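Listed features, source Swiss-Prot:
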MOD_RES   SER174  phosphoserine
MOD_RES   SER175  phosphoserine
Amino acid sequence: MAVRAQFENSNEVGVFSTLTNSYALVAVGASENFYSVFEAELQDVIPICRTTIAGTRIIGRLTAGNRKGLLVPTTTSDQELQHLRNSLPDDVRIQRIEERLSALGNVIVCNDHTALIHPDLERETEEIIADVLGVEVFRQTIADNVLVGSYMALSNQGGLVHPKTSIQDQDELSSLLQVPLVAGSVNRGSNVIGGGMVVNDWMAVTGLDTTAPELSVIESVFRLGEGAAPGQINSSLKDTMVESFY
């Protein structure tokens, strides 16, 4: 299921929200409509937490997370951290990171198995990412951009990358991540994929300007049209994991 939404007249959905397979974060704000888009799809499935990070609403650009964990910048207040701990499932690890490149959502893109990170992140940060999120970590660029989190959206099913990513780079990234990748855009031609959409294994939210062709590319690469629902995804994933293991 791919749906379109706006946060207070902004199409940059990925700036104001974070979506994983075990929780969603949505910025505090007057945009009740934006929150209700998440609520309609996720209400009985995973918790949706309304929050600020470091007193700001650009939570999608400041945080990075997956099913197992959530990374927040060191500027996150104690109250915000406590609110996240109270709202998210107990088995999700929440960790503050002391990192110069503190917009973590711009410099990290991950699913439940792999993370791509900005080439200049601290070695210590890389270790924390691997530990808290339980992923393999690779230092990469996307179409020669170091902001991997801004120019890519990734789930366990597939990934959408910057439209100028070469075929060779797509193949290399695809073999690292072990998921199919497509070069494309969101919000009527925007190449800032990470800022323009959020996705998990059964749902994507994109900006209201996203065109029908863009939406169909998103639905096909992330496999969202195949009767996707949380329960079915897990069983099909388990089957493929078992097959690839043997």
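Cβ coordinates come from backbone N, Cα and C, glycine included.
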Between SER174, SER175, which of the modified residues has its C-beta surrounded by the fewest other C-beta atoms within 10 Å? SER175
Would you identify the secondary structure of SER175 (phosphoserine) according to DSSP, in three states? helix
